[in-house]
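Chemist: This is the structure I have questions about; it appears just below.
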Amino acid sequence: MESSNCKVITPLLSQRHRRMVTKDGHSTLQTDGAPRGLVYLRDAWGTLIDMRWRWVMLVFSASFVLHWLVFAVLWYVLAEMNGDLELDHDAPPENHTICVKYITSFTAAFSFSLETQLTIGYGTMFPSGDCPSAIALLAIQMLLGLMLEAFITGAFVAKIARPKNRAFSIRFTDLAVVAHRDGKPNLIFQVANIRHSPLTSVRVSAVLYQERENGQLHQTSVDFHLDGISSEECPFFIFPLTYYHSITPSSPLVTLLQHENPPHFELVVFLSAMQEGTGEICQRRTSYLPSEIMLHHCFASLLTRGSKGEYKVKMENFDKTVPELPTPLVSKSPHRTDLDIRINGQSIDNFQISETGLTE
């Protein structure tokens, strides 16, 4: 339970630094001088999936319009080569076979191309079964049109169903804190699953980025653990999780967090989890700068009890911190011991064990 002399605050970030990874996980790294056009063309599928929706809609529309225009030109050329443009289609010569009825202009050819691709049914314009060229061109347009529709439809489905969208419901705390746990300093952050559907096989890793004097970027791995779970992954992610990094003499952060104004660095945190319904892996990223690490603070309690005894998560306390105060020395009876019940780092209730039993 929270101490009564701890005032809950919500720190506001007042200083901005250049960062490699934004708070929502996007990279700010820019590459100059590298060939882009050919690389993107070779991976057309991946490029289309990574595009923003407005560009996908533009590509979608432009692809179909271009397809209609190309085959409108081909239908017009066929009518020109067959001599159909200048004829009276209501009374053609007896020895002449019209390939497509009533194609007498490019507008009519475009309309026929549109009707063919969308299979809305022919009206006055229709291909003749006695013209092999028209039948061949009709088959080619239908085949390429089906391939284009399959590609565009697949891209839409893949873009909607990609695991990246599920990762948006994973939220990191805006700040990290340095607090004592079991008498040892720890770097702590929290992560929450906003949706009710659980995630499984949760793994967290972190990389510390520092710029050296020679201009090179140095990367160091930083290990985080979740309470007393010995395995590297959390099997079930439904309520907020609290991750700890013990700041020992061997920690890469020990020299950076010894004073109030540490040198500039960036700690990038990666969380990977499996979606229970699809089995796909999603990843969420964030980063912490020195100005976003609160020394001598701890997170406010998130878990509470409802009226029926069920657990509730107070998300309004997710980013709130509590100043860490020294634990007061209280003399206790030699036959009485305090127990603090905690779930994933969140203090829920306090009990005392005495010779006569449990007292709350």
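All positions are counted from 1 along the displayed chain.
Positions of Cβ are set from backbone N, Cα and C atoms, glycine also.
Got these off Swiss-Prot a minute ago, pasting:
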INTRAMEM  106-122  intramembrane segment
MOD_RES   Ser201  phosphoserine
MOD_RES   Ser287  phosphoserine
MOTIF     119-124  motif 'Selectivity filter'
TOPO_DOM  1-50  topological domain 'Cytoplasmic'
TOPO_DOM  78-105  topological domain 'Extracellular'
TOPO_DOM  123-131  topological domain 'Extracellular'
TOPO_DOM  158-360  topological domain 'Cytoplasmic'
TRANSMEM  51-77  transmembrane segment
TRANSMEM  132-157  transmembrane segment
Chemist: Would you count the other C-beta atoms found within 10 angstroms of the C-beta of Ser287 (phosphoserine) for me?
Modeler: 21
Chemist: Which residues, sitting 6 or more apart from Ser201 (phosphoserine) on the same chain, put a CB under 8 Å from its CB?
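Modeler: Counting only residues 6 or more apart in sequence, the Cβ neighbours of Ser201 (phosphoserine) under 8 Å are Glu233, Cys234, Pro235, Ala273, Met274.
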Chemist: When secondary structure is assigned with DSSP, how many helix, strand and coil residues does the motif 'Selectivity filter' (119-124) contain?
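Modeler: Breakdown, helix to coil: 0 helix, 0 strand, 6 coil.
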Chemist: Please spell out the DSSP helix, strand and coil residue counts for the topological domain 'Extracellular' (78-105).
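Modeler: DSSP classes over the topological domain 'Extracellular' (78-105) add up to 4 helix, 1 strand, 23 coil.
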